[in-house]
Amino acid sequence: MENTLSALRSLMASHSPPLDALVVPSEDYHQSEYVSARDKRREFVSGFSGSAGLALITKDVALLWTDGRYFLQAEQQLSDEWKLMRIGEDPAVDTWMADNLLKEASIGVDPWCISIDTAQRWERSFAEKQQKLVQTTKNLVDEVWADRPPAEINAVVVQPLKFAGRSVADKLKDLRKKLVQEQARGIIFTSLDEVAWLYNIRGNDVAYCPVVHAFAIVTSNSAFLYVDKRKVSAEVKSHLEENGIEIREYTAVSFDVALLATDELDTTSTAKDTLAEITKQAEKFVSETNKSVNGKHQAKENSNNLIWADPGSCCYAVYSKLNPDTVLLQQSPLALAKALKNPVELEGLKQAHIRDGAAVVQYLVWLDKQMQDIFGASGYFSEGNTVKKEELSQSLKLTEVTVSDKLEGFRASKKHFRGLSFPTISSVGPNGAVIHYSPKAETCAELDPDKIYLFDSGAQYLDGTTDITRTVHFGKPSAHEKACYTAVLKGHIALGNAVFPNGTNGHALDILARIPLWKNGLDYRHGTGHGIGSYLNVHEGPHLISFKPRNVPLQSSMTVTDEPGYYEDGAFGIRLENVLIINEADTKFNFGDKGYLSFEHITWAPYQTKLIDLNLLTPDEINWLNSYHSRCRDILQPHLDDAAENEWLKKATEPVGV
């Protein structure tokens, strides 16, 4: 790590202009949350492997910013050369740079790895001291990363209409209506899931996310896909061409954005067809325009139409090639269109979650038996003390990794399975307090029947993406552990039962999940709910349920998770998570003619009643729990062929408090 920092500082000093600081974001050229191995630049320089964070390297310090989900993980992974900066507690990165760097300091960043919003916010922070945000002509981390993984050539595939629910033609038609409404003659898409959704394609370029590295440009009469053509089969080419989509090389996007800015994008010729020619043109253009953030191509004076770019997801390199006076900086219309699931997508999600729930039950049945047979645990249902066995003859060592591999195996046996939707969080005892803990085979813990076990996992199926968290104990939980679990469950129930008017933002509902914890002086450092894709990203916007405000109303046909938690450092973690669909509510009245909304659970797996202190639940909460368990049993039993599994599920969903 020390050698890496030294090498970067040497490049910073020799850069033109010399750099006083270098920013290394987590994101790739598409502002992705999850990135491919070759794009994990921040992880390479810092050693921190969390999905969110930003590294800043100056001449004499190295700092890492991350949010509350990763405080513990960052403390464990950062070496002595690095200082952890806690988002929400320490100064924001732009504030720190403005306050601590010298007047007229030059701060370098790869403009492809930073959003328009972020870059402009930083420029405002730097203005008082005349500090400059400098676009590096090359990514400096790539220059020192000797064994950087090579780019993979993964095939693009068509997402069939029977799963997508809407044709590309219909999606393009709706999109072009939006362009007319906003007086825009073109729009640029850089988010991988938006490109995949719009063109009904999927890929395998990013682990856990069925997307392909690609850009898209759509105008009033043309559509382009920028992708490594080696990934495109004859079938995919035919699918795209039938929908009027021209395929161009991935690296051509830089050149074509500049042509779009000056209204010279050639919408008829496909002569620029070779990778070598496109790369040469793109590199020439980048070298001319990336010298500073002020290098912009101006649109023609007689052009009154706008170019639409999403400031939150579009990279600054793209914006730097446009005339700022003719750019419409507004959220992508696809963000909301993708979040509003069509009937086929909703049905697919429901079916995927049923199969996924069956896999989770099979896993719990297997794990319960292993814990009893190997460790002498009292098991999932009983609260007796663990009877330690003198000799443990384990054919399979029960570690956080080996048991999560077993869970993946159960999922892999299900119809339409294509992989996991994120790295499984399989955590025992104190590891559960690391909110996004990712176990490694070399260092992970063994399961312990006397400690809480939390698993947060999900899968990618052709008809939907899943995400579920359950927390269990195979021994005798303490009264404190029960009280904490019950508080989390109460918040989970309260949010899932909410009825609210149209126009309500997720921020307004977040408190419902936290109140039972707050009453006990407890809380959690993460959001409560996120959207989920339809065989796409497991984290999907634009809506959220969070303590952080976001002005995006919840709407009917959106999906959102319900996942409160509680984490006690050095002891345990508790989280419960279901995926919900937002529906129109059938209310007795309709005050203000607003219309009201409610949630529908589509995740099916039992809550461990042994961990619940029933004295802390209200009669209504007990009724809800029993009703959910009854439906869970009815829905999952047809998908369990083994009699022992059915018997286990029946016992796990027996009514309580009656």
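Note that Cβ sites are derived from N, Cα and C of the backbone, with glycine treated the same way.
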If Swiss-Prot says Asp467, His530, Glu577 bind Mn(2+) 2, which of Glu481, Glu540, Glu563 does it name for the same site? Glu563
To which of His213, His416, His436, His639 does Swiss-Prot also attribute binding of peptide at the site defined by Arg69, His530, His539, Glu563? His436
Among Asp456, Asp586, Asp593, find me the residue Swiss-Prot lists at the same Mn(2+) 1 site as Asp467, Glu577. Asp456
What three-state secondary structure does DSSP assign to Asp456 (Mn(2+) 1 binding site)? strand
Just how spread out is the peptide site if you go by the largest Cα to Cα distance in Å among Arg69, His436, His530, His539, Glu563? 15
Roughly how many angstrom lie between the C-alpha atoms of Asp467 (Mn(2+) 1 binding site) and His436 (peptide binding site)? 14
Indicate whether Arg69 (peptide binding site) is helix, strand or coil by DSSP. helix
Express the distance between the Cα positions of Arg69 (peptide binding site) and Glu577 (Mn(2+) 1 binding site) as a whole number of Å. 16
For Glu563 (peptide binding site) and Glu577 (Mn(2+) 1 binding site), what Cα-Cα distance in Å is obtained after rounding to a whole number? 4
Rounded to the nearest angstrom, how far is the Cα of Glu577 (Mn(2+) 1 binding site) from the Cα of His530 (peptide binding site)? 11
Under 8 Å by Cβ from Glu577 (Mn(2+) 1 binding site), same chain, sequence gap 6 or more: Asp456, Asp467, Ile468, Thr469, Arg470, Thr561, Asp562, Glu563, Thr603
